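These notes are about the structure you will find just below.
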């Protein structure tokens, strides 16, 4: 019974639409009607500012981490923490508190990985910010980090680097999360190909573009 309750709790944690609620409560703004229309960290930064964007990222990240740690906190045996983390990502992507229309799962997925394999998460953060510095595109950085996650989870155990051994469930979860993130960024990928993607004012390309509808 406790397992079912915690699994539901993991989904509900993921379902917290932090950007949407921050916009509505503190700014009287519906993020879905502004910028890209997304309720995640990037659009929150653009529309509501740095403080709101950072708050959104922190909440989205740590709701993934907390969900992953639930079975450890409650000394639950028999179910991998990754299953709880995956449910949080599903909740973030299809939140019951926001009409099942959620974000692109980047921050929450990172939080899940941090809760299970923090050094691997650090590796992905380096890849993410390296790609962001080179391309000035959050979407490109997210997709690049997703691909790097797949490469890392498959190759690192061969050399005992960062990951000491193969974990079939961790590999499956990484493949699932990477696929989800890439699919959720399909429109961004099209804009990258067309050279019309939104840029952030940081890195080698400091050009700023208005968010596209």
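Keep in mind that glycine also has a Cβ here, set from the backbone N, Cα and C atoms.
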Annotated range (Swiss-Prot: transmembrane segment) out of 119-140, 163-184: 163-184
One side of the membrane in Swiss-Prot: residue 76 and residue 198: no
Range annotated as transmembrane segment in Swiss-Prot, from 4-22, 23-41: 4-22
Segment confidence, the topological domain 'Cytoplasmic' (185-213), expressed as mean pLDDT: 78
Long-range environment of the topological domain 'Cytoplasmic' (101-142) - Cβ separation under 8 angstroms, sequence gap at least 6: 14-15, 17, 19, 32, 38-42, 56-57, 60-69, 81-82, 85-86, 88-89, 91-95, 148-149, 152-153, 156, 162-163, 170, 173-174, 177, 180-181, 184-185, 188-189, 191-192, 197-207
Secondary structure content, the topological domain 'Cytoplasmic' (23-51) (per DSSP, counts of residues): 17 helix, 0 strand, 12 coil
Three-state composition of the topological domain 'Extracellular' (75-80), taking helix and strand from DSSP: 0 helix, 0 strand, 6 coil
Within the topological domain 'Cytoplasmic' (101-142), residues counted as helix, strand or coil by DSSP: 34 helix, 0 strand, 8 coil
